[in-house]
Amino acid sequence: MQPALAPAPHPSMQTSAQDHADQVLHDSLLAAQHLSQHPQQPRPQQPNAQPHHLQPTATTSPRDQNNIDPAISGGAMLPPSQPPAQPEPTVEDETPKTYGKRPLSTSKRAAQNRAAQRAFRQRKESYIRKLEEQVKEYEVMSQEYKALQAENYQLREYVINLQSRLLDSQGEVPELPGNIDLNQPRTEISVPQPAPRPGQAGASAPPQGSPQSQVSIANDDMNSLNRIAEAGLGMRKHPNEEAFLSNNFQARRGRGDETADPSETKTEPPTHGLPMVS
């Protein structure tokens, strides 16, 4: 007994099925081309179930499906190949990187700020202590300078006293400073001459030159002493200088009187009448 043959499909039904398969193939090619051009963009996964247009319609009979060309129907009926799942990017810190370095978190930044402030305070305190020590050193130096200045004044007074005593004890005159000129004329002191005795006027006439010479010598001595006093650079006068000068003048005057007395006082010849033996 031979099996019954299936009736041949209608030509219009074959044409519609072929058009539908061509459309499905064209869509799959477009999708593959789109994936090749944009591989990085993730494509939403398609459900395993076939799309509505791939499922056989209720009106299509099993015989129509069997009559479709296997080369076309095989690729059309199979679901399109799924693209490989791309690995999900690892989740990094929420803060973006700037200039190749990751910015610090708020806590780390606050800790660094506190450390910087602490170091600044320490430097400021050390600098203040250093300045205080320098101020103390300057105060000590000022006190020492004042003490040295007072000692210098005392030593200057002492040197002036020594110079005045040297001038009194020795006749050496120190070197004349450049700002003092001793060539200026000075008024000479007039010394009163003693009045001659009435009984000895004739006898005292010849030796009158000796007291005048002594007076001129005294004047010269006083002038030289005045010059020495001018050369003392403002040195204080010795308290006994005037007394010394007056005593010296009186002594010289007394010596002049003594030299004049022997010539003035002559012994009268005796009245006994005998000749005198010289």
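Including glycine, each Cβ sits where the backbone N, Cα and C put it.
Quick caveat, the model's predicted, so the values are computed rather than measured.
The compositional bias 'Pro residues' annotation in Swiss-Prot covers 1-10.
The feature compositional bias 'Polar residues' is assigned by Swiss-Prot to 56-68 (among others).
Residues or ranges marked as domain 'bZIP' in Swiss-Prot: 103-166.
Regional average pLDDT for the region 'Basic motif' (104-127) in the model is 92. Look at Swiss-Prot and you will find 104-127 tagged as region 'Basic motif', backed by similarity to another entry.
Swiss-Prot lists 109-119 (among others) with the feature compositional bias 'Low complexity'. Through the fold, the compositional bias 'Low complexity' (109-119) approaches none of its own chain's residues that are at least 6 residues removed from its boundaries at a Cβ separation under 8 Å.
Per Swiss-Prot, region 'Leucine-zipper' is recorded for 131-162, and the stated evidence type is similarity to another entry.
Annotation source Swiss-Prot lists compositional bias 'Low complexity' at 198-214 (among others).
Under the heading compositional bias 'Polar residues', Swiss-Prot lists 215-226 (among others).
What Swiss-Prot records for 254-269 is compositional bias 'Basic and acidic residues'.
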- Query: Quick one: DSSP breakdown of the compositional bias 'Low complexity' (109-119) into helix, strand and coil?
  - Reply: 11 helix, 0 strand, 0 coil
